[in-house]
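What TrEMBL says about this protein:
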DOMAIN    5-152  domain 'Lactate/malate dehydrogenase N-terminal'
BINDING   11, 12, 13, 14, 15, 16, 17, 105, 112, 129, 130, 131  NAD(+) binding site
BINDING   92, 98, 131, 162  substrate binding site
DOMAIN    156-320  domain 'Lactate/malate dehydrogenase C-terminal'
ACT_SITE  187  active site, proton acceptor
Ligand code: NAD
Ligand code: LMR
């Protein structure tokens, strides 16, 4: 049996965690032979609720789960962790502007980045789920100069899965028939779900659907799916987000083979995206490392959309620059 790994999850008493923690503890994320110690962070007011969640996890008697560490202290939470899923964040309230949210969460992710820098294992893999996820990941990365910037990522896997599911429904196929889906850019309404390279059962997706559907249905549906769920459910997506987080980390740790997935990662300059911006790219993963899929042809239609989401990320980055000074 392997040694247990420490996995930190912030916002442990929130809705996403309520589906995610149980699956991590069951071994679905890191494998059936990998014992786990959960490190759960919460706000002081939510620690009692967190205890209740931990009682339920205990009641599952998961064979792989060795311990649960609960705290409102960043040092306790991040010491020796090899994975950190940063889920907790302040949600947008009535009348709050995007910039207000950026700044409030900017403060949270500056502190969490510093604490990861000081206490986590040097190989810690970080996934930011809390919104605005890309820029929060950027802030955490910049606040952790001693860690490898490549280890800071943000979640666009939910967008990727949404895109797969929409295309499968439209083409009457199974999601497993679909290969080479791509989501570029920000986890926001400017993201660009791109089927230019996608195949469905070996056929080019673009030959199976018309451009009108791509422009007026597919792209806006995926971009607006989070808002549509909030409208229908009265709360933001939680189980689907938790599952996407699990898949993001699982694939990063365990490898994708040839399968493309979308991850928001610090750009290395590929496809002209400015270096360091946390931008969603198509990647494959192997041995715990991701690589951007190279050599894709980008037509004018795609470039305009990739530029728009890049511009939004640059604006977000500039809006928090003083927090990082
Ligand atoms: P939630 O409000 O149910 O839970 C968030 C939890 O985080 C709360 O229990 C809160 O007490 C805690 N928290 C807040 N600030 C914290 C801090 N500084 N330290 C520790 N804990 C803290 O929210 P949720 O539905 O679980 O969603 C969490 C975040 O994920 C939100 O920002 C949401 O917008 C985002 N989200 C992202 C995606 C994505 O695809 N990237 C998808 C869905 C939701
Ligand atoms: C989602 O994509 O479901 C979340 O990021 C929630 C939101 O605000 O869209």
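Backbone N, Cα and C atoms are what each Cβ position is placed from, and that goes for glycine too.
Rounded to the nearest whole angstrom, the C-alpha distance between residue 92 (substrate binding site) and residue 130 (NAD(+) binding site) is 11. The average pLDDT computed for the domain 'Lactate/malate dehydrogenase N-terminal' (5-152) is 96.
Note on proximity: of the binding-site residues 11, 13, 162, the one nearest the residue listed as 'active site, proton acceptor' is 162, by Cα distance. On its own chain, residue 15 (NAD(+) binding site) has 235, 236, 238 as residues at least 6 apart in sequence with a Cβ closer than 8 Å to its own Cβ.
Note on proximity: of the binding-site residues 98, 131, 162, the one nearest residue 112 (NAD(+) binding site) is 131, by Cα distance. The shortest Cα-Cα distance from residue 13 (NAD(+) binding site) to any of the binding-site residues (98, 131, 162) is found for 131. Checked against ligand 2, the binding-site residues 11, 13, 131, 162 give 131 as the ones with a Cβ under 6 Å from it, listed in sequence order.
Between the CA atoms of residue 98 (substrate binding site) and residue 130 (NAD(+) binding site) there is a gap of 14 Å. Among the recorded positions 11, 92, 112, 131, 162, 187, the ones whose Cβ sits under 6 Å from an atom of ligand 1 are, in sequence order, 11, 131, 187. Ranking the recorded positions 92, 98, 187 by how many Cβ atoms sit within 10 Å of each one's Cβ puts 187 at the top. When the binding-site residues 17, 112, 131 are compared by the number of other CB atoms within 10 angstroms of each CB, 131 has the fewest.
Between the alpha carbons (Cα) of residue 17 (NAD(+) binding site) and residue 131 (substrate binding site) lies a span of roughly 15 Å. Residue 112 (NAD(+) binding site) falls within a helix when secondary structure is assigned with DSSP.
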